[in-house]
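Visitor: Take a look at what TrEMBL says about it:
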type	residues	note
REGION	1-21	region 'Disordered'
DOMAIN	1-288	domain 'NADH:flavin oxidoreductase/NADH oxidase N-terminal'
Amino acid sequence: MLITEATGVSAAAQGHRPTPGVWTDEQVEAWRPIVDAVHTKGAVIFCQLWHVGRVVGALRPDGTRAETVPVSSTGRPIATPRMNDGVEEEFATPRRLAVEEIAGVLDDFRRAARNAVYAGFDGVEIHGAHGYLVEQFLKDSTNDRDEEYGGSLENRCRFVLEVVTAVADEIGGRRVGVRLSPFADYMDCHDSDPHALALLMATKLNNVPGGILYLHMVEPRMARANGRRVVPKRLRPYREAFGGTFIAAGGYDREGNKVVGEGYADLVAFGRLFLANPGLPKRFELDAELNKYNRATFYTSDPVVGYTDYPFLG
């Protein structure tokens, strides 16, 4: 099973250059040969639907100040600059998304999900992780609202549950997954009680009418044991609370395959190792040597280095 990189649901949802989208007919047609190629190989592919929220640079690529103001759960910008193609970039100051505007964002997710199915995708994954719009509503460091979408934990979960329900209504819940990173602190986005957040979300997702296919959750930061980095494996309470397929992610190597047999997860997701190792499942099957990944090339716009130049298994 393959999950695409984060894919914008609208022009306003974009914040990185260059990243894909799935809100226009032209984008749908561009996805078709990619999806068909995956299906020809007998694999399954989901499109990860994404809205960056406030994660938008203050300047355009030409160095002029951006005119479009990003939206978020808050009016506070991200304090820490980011590196964009080797250049330090400050973030734009967002405006708080008005309650009456939320219906429009839900429509953007609906249209993107519908377009993904038109393009041939087997389903979609809603990106609710790593500091982007959905997580900006979820976490108390970035949600300073005092109406029905803020304050209590239940209220902070309202937006994502409305997004998931809207998408499930549009294409069917058995085509829908959700990715969450309750323990992460990317983009100044963290929560004072990540365990309570994760447990409530895992439970509430069971109540989406018709159900959803899977919950994809990121492990807490890796720990050290006997001199080596190890995955903390603290997701079991949420796996037990969620009634569907559970995917664990975050720092797993070939030993991660064991957690499926142990019942800790139904599936394990691999990111960095898959970028560097074409045919990763075959390498695992044969216990073959793995290529080392080059982290510096993960988010560059170069069309070759870091993506298509890693050697295939001989």
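Along the chain as shown, the residues are counted starting at 1.
Just so you know, glycine gets a Cβ as well, placed from its N, Cα and C.
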Visitor: How many of the residues that make up the region 'Disordered' (1-21) does DSSP mark as helix, as strand and as coil?
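Guide: Tallied per class, the region 'Disordered' (1-21) gives 3 helix, 5 strand, 13 coil.
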Visitor: Over the domain 'NADH:flavin oxidoreductase/NADH oxidase N-terminal' (1-288), what does the predicted model average in pLDDT?
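Guide: Averaged over the domain 'NADH:flavin oxidoreductase/NADH oxidase N-terminal' (1-288), the predicted model reaches a pLDDT of 92.
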